[in-house]
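Novice: The feature [4Fe-4S] cluster 1 binding site is assigned by TrEMBL to 16, 52, 90. According to TrEMBL, the feature [4Fe-4S] cluster 2 binding site maps to 167, 171, 174. According to TrEMBL, the domain 'MTTase N-terminal' annotation covers 7-127. The domain 'Radical SAM core' annotation in TrEMBL covers 153-385. Here TrEMBL flags 388-450 as domain 'TRAM'.
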Ligand code: SAH
Ligand code: SF4
Ligand code: F3S
């Protein structure tokens, strides 16, 4: 009798949510080949690093991780065992050849747009005796989405769904247009199908993903073109899908239709990640962002009028080449005026091949560090103030993960805050009402106040219930 032993697959994911989505989809592609995911590289038959190239530190991690993996593989091979190493994602796309040259134990490098071809690559790699790994970093004309399996390994109440990929905006600091390729929107029908399947498998919240997700313009079933607002309205009709989010948006693609959609759809959560990067018009121009700080402020005003209490988030870069104290002061002023519930801030990191890396007037490291510390102090105080403003309120929380403490579950409020509660595990996947009790800059704690736990399922069916009516 032949027993089929599952092959062990370990994937380590770096970078943005799109990589998190891609990792799930890679497992979907490899499942029919008999691979099952495990949570450690020890003893795995295949290890894939799904990498990020956005800043120097992110890229460096890949080579240090490969240093550990190559030793692991050498030991395994000495014991007569096989272990495939794959490098996927944005570093593979940008530096695939360099990786193969430097680490001969790497069997495959492949980019974000070619992982649907993994079955062929694996077969090829297993029979490869050339002593050099194989590489597939094309930007193929076919879309990977047309080749990914219908069945997905995604499990859990909250899911990512990529609807748009790539970027044509070419901000002067950014590698994404080079690593992900040109902007592409998926056809509406395949997005709706994937969303329905996720919901049928228990997903209650979907976050639509794209490098410029609000630039989405996908072909609709009737041959017309739908923008993001229209797509969201259609998704909101799916029974059981109580919560919708999307990220990341670009200010230039934030149109009135999309803003109106926020006012109309109760299931569209009142949180918006809208990166500005800098508050200085001079720097914004050098970054090729193609908008001013004032334009951004006007969009924020419109959004806040449409959705009172909307929580806002942004990305910031400090120390872009040529940034003066005055430019930085403009950023601090903008942050003070807008006030953010969350944010991500970084020191500018010169990326090879991007225009800004070639500008002579690079800002010294100590200046960057000082500015980042000042900015983060201001932002952190704003995050805390926002979170403290919810203490005493009741918010709806989708419980989606275990907390660190015993009997603790964690989830997100409508405003994207992390909330932890003491609750039995059977509430996992439910939307419950939580009375918020404590706040720190990054998370909240509270008590589930949904009257009767047994009824939570019934309440969850009406996800726009009490929690959503609470506005801050
Ligand atoms: N598409 C999104 C951002 C994608 S990259 C947008 O347009 O806003 C995520 C964030 O990484 C960026 O918003 C930016 O703040 C940061 N980032 C990108 N390149 C960087 C670099 N070279 N140095 C430092 N931060 C960078
Ligand atoms: Fe990068 Fe700019 Fe494109 Fe965002 S819009 S992915 S920052 S080039
Ligand atoms: Fe990183 Fe690529 Fe995402 S560079 S941020 S993994 S698009």
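Placement of Cβ uses the backbone N, Cα and C atoms for every residue, glycine included.
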Novice: Taking ligand 2 as the reference and 6 angstroms as the Cβ limit (strictly under), which binding-site residues among 16, 52, 90 are close?
Specialist: none
Novice: Taking every protein chain in this structure into account, which of the binding-site residues 52, 90, 167, 174 has the most other Cβ atoms within 10 Å of its Cβ?
Specialist: 90
Novice: Going by Cα-Cα distance, pick out whichever of the binding-site residues 167, 171, 174 is nearest to residue 52 ([4Fe-4S] cluster 1 binding site).
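Specialist: Smallest Cα separation from residue 52 ([4Fe-4S] cluster 1 binding site) among 167, 171, 174: 174.
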Novice: Pop the Cα-Cα gap between residue 16 ([4Fe-4S] cluster 1 binding site) and residue 174 ([4Fe-4S] cluster 2 binding site) into the table, whole Å please.
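Specialist: Computed Cα spacing between residue 174 ([4Fe-4S] cluster 2 binding site) and residue 16 ([4Fe-4S] cluster 1 binding site) is 14 Å.
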Novice: Please report the distance from the Cα of residue 16 ([4Fe-4S] cluster 1 binding site) to the Cα of residue 167 ([4Fe-4S] cluster 2 binding site), rounded to the nearest angstrom.
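Specialist: With distance taken Cα to Cα, residue 167 ([4Fe-4S] cluster 2 binding site) is 14 Å from residue 16 ([4Fe-4S] cluster 1 binding site).
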Novice: Please list the binding-site residues from 16, 52, 167, 171, 174 whose Cβ falls under 6 Å of any atom in ligand 3.
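Specialist: What lies within reach of ligand 3, judged by Cβ under 6 Å, is 16, 52.
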Novice: Return the members of 52, 90, 174 (the binding-site residues) with CB less than 6 angstroms from at least one atom of ligand 1, or none.
Specialist: 174
Novice: Rounded to the nearest Å, what's the C-alpha distance separating residue 90 ([4Fe-4S] cluster 1 binding site) and residue 167 ([4Fe-4S] cluster 2 binding site)? Just drop the number here, would you?
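Specialist: That comes out at 13 Å between the alpha carbons.
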Novice: Under a criterion of Cβ-Cβ distance under 8 Å and sequence separation of at least 6, what residues of the same chain contact residue 171 ([4Fe-4S] cluster 2 binding site)?
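Specialist: Within the chain, residue 171 ([4Fe-4S] cluster 2 binding site) has Cβ neighbours under 8 Å at 277, 287, 288, 289.
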Novice: Counting across all protein chains present, how many other Cβ atoms fall within 10 Å of the Cβ of residue 16 ([4Fe-4S] cluster 1 binding site)?
Specialist: 20
Novice: I want the residues beyond 167, 171, 174 whose C-beta is within 8 angstroms of the mean position of the [4Fe-4S] cluster 2 site's C-beta atoms, in chain order.
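Specialist: Those within range, site residues removed, are 169, 170, 173, 175, 176, 177, 211.
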Novice: Once 16, 52, 90 are set aside, which residues in the chain still have Cβ within 8 Å of the Cβ centroid of the [4Fe-4S] cluster 1 site?
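Specialist: Near the [4Fe-4S] cluster 1 site, the remaining chain residues are 14, 15, 18, 19, 51, 53, 54, 58, 89, 176, 179.
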